[in-house]
């Protein structure tokens with residue numbers, strides 16, 4: 001059974017109206033300046049901070065990609081995602097106070113700008129280029145998720161590219177309308193829609209198709225025992241998991257969220273609420289994947305598990321869940337667009353020149369349009385397996401992990417250590433993915449992190465310290481102490 005295309009178009013039109021109203025409401029509170037446009041004046045409360053962090057992180061990957069991974073690989077996918085959740089919480093506990101303090105001390109707007117303050121301008125430029133190159137595929141994934149979903153739910157009546165275009169246009173509207181204020185507010189609403197719609201679907205499937213949650217467990221145990229064991233080899237698990245383990249540090253759209261909290265209390269609430277949201281949403285997505293594996297076995301493309309599953313539930317419920325996934329895609333794409341536009345404008349083009357704020361904001365908006373066009377082109381290629389694409393993008397960003405971690409804890413590293421340890425490993429990762437190579441059976445992400453770490457440490461130990469690192473770290477520690485961290 002396919003869903004009626006007209007109903008889906010109406011649902012999307014309704015959501016467009018909701019987003020426009022929220023964005024216009026946000027615009028009324030928008031102040032002047034780039035800081036206000038990109039970071040909402042660093043004045044977001046704990047709940048909104050947590051929801052924009054969650055909505056930015058948990059994209060259509062969860063309800064399409066993670067469901068697909070669970071469909072094909074079983075509970076190994078849960079281990080993959082839970083590793084990410086645990087690592088993210090630990091990293092936020094350690095680094096959120098440091099990022100937040102750095103943004104107050106140095107007034108930085110983007111994560112590459114933070115690296116510029118620590119290592120020098122060149123390091124910021126290298127980081128900015130890596131972010132832009134690696135995140136275009138990740139942004140395209142958000143468009144692809146909706147495209148696959150619409151096509152699958154309607155039996156092809158709504159073309160794949162229609163979903164791509166609709167998400168693209170709506171994301172532009174959200175980001176350009178009022179910057180971070182509209183992105184954050186719409187994120188908060190969309191995060192609630194995402195998790196509530198997914199929970200409703202799970203409850204329906206449990207009771208209608210299995211009888212009860214207990215019967216679901218019994219059915220999966222008896223009929224699909226292979227999904228409850230370890231189905232991934234160790235190399236695959238590490239290759240997929242490692243980039244996501246450091247996601248909170250290396251992906252600028254989420255690390256930038258550590259700049260926006262109003263105060264220490266808001267920052268702490270952001271971490272707590274995100275942890276709760278992430279745990280619940282991950283469990284729901286995994287259980288839906290196991291349900292799909294039992295109800296609709298034999299799919300050749302795991303990414304179609306959710307679209308096909310939604311054709312088996314009442315039309316109204318299918319549309320509600322679709323809106324949740326649609327909202328997740330719009331939210332993540334809008335957040336990444338806003339972050340990359342600020343990186344492109346501040347770290348690459350203006351290079352901290354003294355230009356009027358309105359001119360820089362206009363430049364950011366132009367970059368948003370350019371990035372969307374690039375993402376549409378990438379999405380039109382229809383590459384397989386959304387989860388693998390997402391991890392490939394994160395693998396490229398993973399090479400920045402040693403530089404970011406060292407910025408806050410090691411006083412000796414210099415510009416050369418930072419730039420070289422990001423540039424060479426990034427080229428290695430891209431080359432390995434293009435050539436589809438896994439030396440010694442290890443995925444590109446692992447080789448990228450290993451080479452980045454070795455280069456960073458080696459150059460640091462063989463380069464004379466210029467003293468910049470000591471001053472940076474001392475300033476951050478002083479700010480943290482002042483705020484009770």
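Cβ coordinates come from backbone N, Cα and C, glycine included.
Noted in TrEMBL for the protein shown:
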TRANSMEM  44-70  transmembrane segment
TRANSMEM  82-100  transmembrane segment
TRANSMEM  121-140  transmembrane segment
TRANSMEM  160-179  transmembrane segment
TRANSMEM  191-210  transmembrane segment
TRANSMEM  230-249  transmembrane segment
TRANSMEM  270-296  transmembrane segment
TRANSMEM  316-340  transmembrane segment
TRANSMEM  361-379  transmembrane segment
TRANSMEM  385-410  transmembrane segment
TRANSMEM  417-435  transmembrane segment
TRANSMEM  441-461  transmembrane segment
The transmembrane segment (417-435) in contact with the transmembrane segment (82-100), cutoff 8 A, at least 3 CB pairs, sep 6+: no
For the transmembrane segment (316-340): best-contacting stretch of 121-140, 160-179, 270-296, 361-379, 441-461, by Cβ pairs under 8 Å: 160-179
For the transmembrane segment (44-70), distant same-chain residues with Cβ under 8 A (at least six beyond the ends): 77-78, 80-81, 88, 141-142, 145-146, 148-149, 183-185, 187-188, 190-192, 194, 198, 227, 247, 253-254, 257, 260-262, 265-274, 277-278, 281-282, 285-286, 288-290, 292-293, 301-307, 309, 321, 324-325, 327-329, 331-333, 335-336, 385-387, 390
Recorded stretch, among 191-210, 270-296, 361-379, maximising Cβ pairs under 8 Å relative to the transmembrane segment (160-179): 361-379
